[in-house]
């Protein structure tokens, strides 16, 4: 006969509902409190052969239990109860014997046996929950010494009758909570134990023993106690008040059963105490009259004495209410700002966001631990050096004042003092963490600030501005994004395994003289192709995915007479293909050869197609023939890559035409996604002339500016040079902070590898 996990005796759940013991010194006789009963069958009912084994280590298995319990007799079955989802052990099991006699012997001999270093607790299994929760014969013991464990408690109470279950409540670390339960087979045995043990000393501690009271009954009785309290708590008591004076303050309200002041180990008053009255009316009168009454320059607090768990519950409710109120108050008005430079402080942050509304608070988060890296001797040396420098400056200034008439030095000294004081203030603060918070007075102001300040360049770094979110909200959003990403990966894996996948817009390469469009690294703005363009190969190239061989293809996949190309597909114009198509130059396989080669021995351009891919220029590319930007490792003239035509026609310099002919009218006429592309193509050759290695990086940084500013930079060479220098300084500082190797000339660490990674990602997209 096997038992389910649902037959867990209530003793396991008892710990969660156990009340806190009263720590009030002046409290009356303690209440009889206990937890859910763990009743077993009565003496008149025959025992089954099923045993409950509790207090097990999570690593205990059925095999370990079988090895132990089979020594008593023949075991029918053993089951360790586990969580339905995680399959982790719940810490208890059921052992079924073939006969009841073996079960009785196991209960007597194996109870509290060490299994994996923990004493197990064995009792008869009771499948009927009604019998488990009657509470008959269940005894609650509190104020136990921490040294008393399950076995010691069992040995103490075994003299009064047959014990079905015995347990000392423990915390998560295995330490005693100071109370426990003993479940007798009969109610007479329980009454006998209460009569003899209640009030006795166990390990020099007076214990309370009483009948088990269910949680429901305890709750109703607790509400009744709150309404008819007699114990009063007083705080803010002057330390000079004696026990006699304290008692005299409250004697006028009625008969006092006990009054005490709490004191520390040295005997000094801790400023609070308890007074227990004989009647509720006296206690209520004391609270009404003495609360907030001034005694010896201190206002007393007088109220009903509360138990620890009751105070904790009230504090938790207050904290939760305050948290919800705060969350609703700042909903939609608190902004999170990151990517701040180290020199931005609270005042500067307020200045940045001040134009967009009324700021109630602005805070830059800083490290709280300020480590001093200098010894006191080095500090003194530094002070001496600064003093000598100041003396030298003063002497030089005095000499200059004698020779020429200058402005009074007072104003300069005041400015220096102000600067020094500001520096001293900043030294007292920790290092900026690079992010902060700005709180506005209304949601409209906050949304306006997000719109205007997000991605705004401040001190060479683009700000990230968004509405502040709670940690749990951010975590849930992150989990959702990770789950979506995993779903995409699974779909990609399924597609790679041969499952059909939807048609996607391929990358677009334009012929000579046409405005170029670069798809983004993770996807671009797709628009209908135009005459003269070439399409990159459709991913996959499997049969049925729009194969499109050219005439003369050999070995390529053919296209049936009824097959059609996708509606947005246009092949290479035959006029652009001069000469025969090479073997295997079908679509999509042959189209891969249209792209530039990846190395000195890679594929070159298709014969007869001069300057193919001129539109593919932009940040991250080097300079190739005819002014066309070339990726790192791309073929250059004379490298002799396979498929390159030696008699290729010379290419013009379309960049100069774009830069010279780009006007505000032409820019505004273009679609918004294409405007930055046009500006980037016009800026790139100018920036490359100044910084060949970092032209792509700097172009991308400058494209964060407004379009009107970029147009003015195209016309003003000096302004462009200044912006390039500024971007270069920002990039150098970024590389230093990142730990990369950056030289004073502005060369980035390993630019070739960065360019190679960029090129591979773009071609993947």
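Glycine residues also receive a Cβ, built from the backbone N, Cα and C atoms like all the rest.
Cross-referencing 708-736, 737-765 with Swiss-Prot places the feature region 'Disordered' at 737-765. Across the range of the domain 'RRM 1' (49-127), the DSSP-based residue counts are 18 helix, 30 strand, 31 coil. Mean pLDDT for the domain 'RRM 4' (333-470) in the predicted structure: 71. Here the domain 'RRM 2' (137-214) is broken down by DSSP into helix, strand and coil counts: 22 helix, 30 strand, 26 coil.
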